[in-house]
Every structure is written in structure tokens, then in C-alpha cells.
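What follows is a set of notes on a single structure, which appears directly below.
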Amino acid sequence: MKVGIVGAGMVGSSAGYAIALMGIASSVIFVDRNADLARAQAEDISHAVPFMSSCMVYAGDYGDLKGASVVILAAGVSQKPGETRLQLLGRNAAVFREVVAEVLRVAPNAILLIASNPVDIMTQITVRLSGLPASRVIGSGTILDTARFRSLLGRHLQISPQSVHAYVLGEHGDSEVLAWSNARAGSEPLLSIAAQMGLPLTDDVKAEIDDGVRNAAYKIINGKGATYYGIGAGLARIVKSIAQDQQDVLSVSIVTEHVAGVDDVALSIPRVVGAGGVSADLMPTLDDAEKEALHRSAALLKTAIEAVEI
Ligand SMILES: NC(=O)C1=CN([C@@H]2O[C@H](COP(=O)(O)OP(=O)(O)OC[C@H]3O[C@@H](n4cnc5c(N)ncnc54)[C@H](O)[C@@H]3O)[C@@H](O)[C@H]2O)C=CC1
Ligand SMILES: CC(=O)C(=O)O
């Protein structure tokens, strides 16, 4: 499978690195308005491939995306310390007006995988610009926040994060909702596991985990200027589900007709992902506070997209 990546910066290159090393694509092509950067990233990553897998990695222009099954859009600006994701909207919408048209011209049948922030709104903008069905325009959404939640829960409970089944819903951003009430480790509710392990999930522990998930990006950006390894692996995970038609349940963002009392808005809930993109939505059972928080997150995103003229 051929995977295109538009935007060869920190996020695009980390995704390309993960995809190449995981051996889930036959080729990865980088396109960036900075052609020297795209070439350098492709060359550097191609030197890692012989150690791990088999994948052609090169740089090109939009014409080279012809035949791509998936195109990742990671172009645009990223947050500076103190900036929110929503503050990037105007600048990244302008980038997408140019980029989406170029991609569609050569790869009209590709599934588009959106990374640029604010990712939920950029996903909805991409559906408007492309006219593609919502199921084929997938925002990475809260796949990263869900990984952060599982990582912190696993660390507290001393259990592998891969054995923690918990999701972050709603906006990939400040209003996101950690779904505690249905989270499990193994087959047991979290509270039961916490008691059995002698590691109670007190209100203080839950508040610390909430802060660690919700504010992870701000902390990492303060420390090193950008986040990229986590989302690079998350994007590769979505590409794997598509490439291998896995029907995995992943928290990703697509434009959804009715969700949490709001119509026609892109946000994350667990969804089934395979070769055709998203094939089903799996709305979790939530408690009243989580339902209300998800409604607020959806309404915030709806207000933001309504202000975008595309
Ligand atoms: N969805 C998520 O969970 C995450 C999303 N992000 C977002 O990903 C985006 C990229 O972040 P980074 O890679 O760190 O930024 P970066 O600045 O390292 O890379 C962005 C790249 O986009 C290219 N670009 C800009 N305008 C372009 C255009 N019109 N055509 C082609 N290429 C263009 C630039 O030349 C640059 O190489 C940001 O919006 C950031 O907020 C970052 C981390 C996590
Ligand atoms: C930057 C960003 O969106 C994140 O790391 O969550």
C-alpha cells in the first residue's frame, strides 16, 4: 500500500518513520512546500528501514501521490507555548484550502487522515473542501489522548497500557472527556482492579491523571517545543487498521450526523476502522456527568466550525 504524507515536519516525519518501521506500507511519499526538508526526511528515514522492515521512502510533489491509498495531512502551523489548538484554525484552514485540492486532483480515491490542529475542525473542513464521504476523512482525534489515558492508568495500576480499555471522547483539545465510568482493565471495571491491586483510584489520583491527559501537549510543548512521537505512532496505528482491514475499535474523529445532542459535527468516539475507513460508530454508555461534558465538547466544536467560511 502506498501512503502519502503532506507536511514533512515533526508530526509527518514521525508518522512516516513509524509506518516505515512497522512495515505496513510498501511505500511512503513525503510532500512539503519545503522540498529540501521533505527530501532530507525521506532520506534519513530510508536509512532506518534496512534495520527493521521493507518500505520505499521518498519525497516528491503532489503528482507522486497518484495511487496512494491513504494520504496523511500534517501540514500547517503547530502551537507555540501557551497557544491553544483552536488558535491555529485560521492559519491551518488557509493551508488546507490549497493542500486538499492538490491531493484530490491526483488521489481522489485515497482515505484522508487528518493530523493538523485543531484536528476535529480541520477534519470537518476537509469534508467540506473535498466532498468525500465522512467515513473516508478521518481525524486522528483523541487517539493520542486515549493513549495518554491508558498510559497513565497503566502506570498507576501497574498493568500494561495495552490491557487497559479506556477512551477519551469529544474534542482533541481542552474540552475532551475522559470516560472513567466504563473504563476497564482486563475484563474488570477499573475500581475493582484498583481495589484488587491495592492501588485505589482516589479523587486526587483521578484529578492528577485528568491533568496529565488534558494538559500533556502544553507540558511537552513547554519542554521541547512540539509533540510528535505519540501522534506519529497513533497515525501509524490508524494506517495499519486501514492497510490490514483490521476493523479495530479506535477513538477517531469523523463528521457525525447526530452525536451528544449536536448535529453534523466532527469529534471522537470509539469507531470501527478498516480498509474502507470508518464502518461503524460505537457510542459508549456514559454516566450523566460524562454525557453532559460530551455535549458541551460537541457544542463547542459546532460553534467553531459554524464560524468557518468554506
Ligand atoms: N492530531 C494530533 O494529535 C497532533 C497534531 N499536531 C498538529 O500537527 C501539525 C503539524 O505539526 P508539526 O509537524 O509539529 O509542525 P512542523 O512545523 O514541524 O511541520 C509542518 C510542516 O507543514 C509544512 N507546510 C506548511 N504549509 C504547507 C503547505 N501549504 N503545503 C505543504 N506543506 C506545508 C511546513 O513546511 C512544515 O514542514 C500542527 O497543526 C500540530 O498542531 C501536533 C501534534 C499532535
Ligand atoms: C499538539 C497536540 O495536539 C497534542 O500533542 O495533543
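Every residue, even glycine, has its Cβ placed from backbone N, Cα and C.
Curation does not apply to TrEMBL; its annotations are automatic.
Per TrEMBL, the features are as follows:
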type: ACT_SITE; residues: His172; note: active site, proton acceptor
type: BINDING; residues: Gln79, Arg85, Asn117, Pro118, Val119, Asp120, Asp145, Thr146, Ala147, Arg148, Thr227; note: substrate binding site
type: BINDING; residues: Arg150, His165; note: beta-D-fructose 1,6-bisphosphate binding site
type: DOMAIN; residues: 142-308; note: domain 'Lactate/malate dehydrogenase C-terminal'
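Mapped onto this structure are the features recorded in TrEMBL.
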| residue | record | Cβ neighbours (10 Å) |
| --- | --- | --- |
| Gln79 | substrate binding site | 19 |
| Asn117 | substrate binding site | 28 |
| Val119 | substrate binding site | 29 |
| Asp145 | substrate binding site | 28 |
| Ala147 | substrate binding site | 20 |
| Arg150 | beta-D-fructose 1,6-bisphosphate binding site | 23 |
| His165 | beta-D-fructose 1,6-bisphosphate binding site | 17 |
| His172 | active site, proton acceptor | 33 |
| Thr227 | substrate binding site | 21 |
| query | Among the recorded positions Arg150, His165, His172, which ones place their C-alpha within 10 angstroms of the C-alpha of Val119 (substrate binding site)? | reply | His172
| remark: Among the binding-site residues listed as Asn117, His165, Thr227, the Cα nearest the Cα of His172 (active site, proton acceptor) belongs to Asn117
| request: Please report how many Å separate the Cα atom of Gln79 (substrate binding site) from that of Arg150 (beta-D-fructose 1,6-bisphosphate binding site), as a whole number. | output: 24
| remark: Candidates Asp145, Ala147, His165 (binding-site residues) with CB under 6 Å from ligand 1, in sequence order, are none
| message | Between the Cα atoms of Arg150 (beta-D-fructose 1,6-bisphosphate binding site) and Thr227 (substrate binding site), what distance do you get, rounded to the nearest Å? | response | 18
| field | DSSP-derived structure type at Gln79 (substrate binding site), helix or strand or else coil | value | coil
| query | Which binding-site residues, if any, among Asn117, Ala147, Arg150, Thr227 have a Cβ under 6 Å from ligand 2, given in order along the chain? | reply | Asn117, Thr227
| Average pLDDT across the domain 'Lactate/malate dehydrogenase C-terminal' (142-308)? | 98
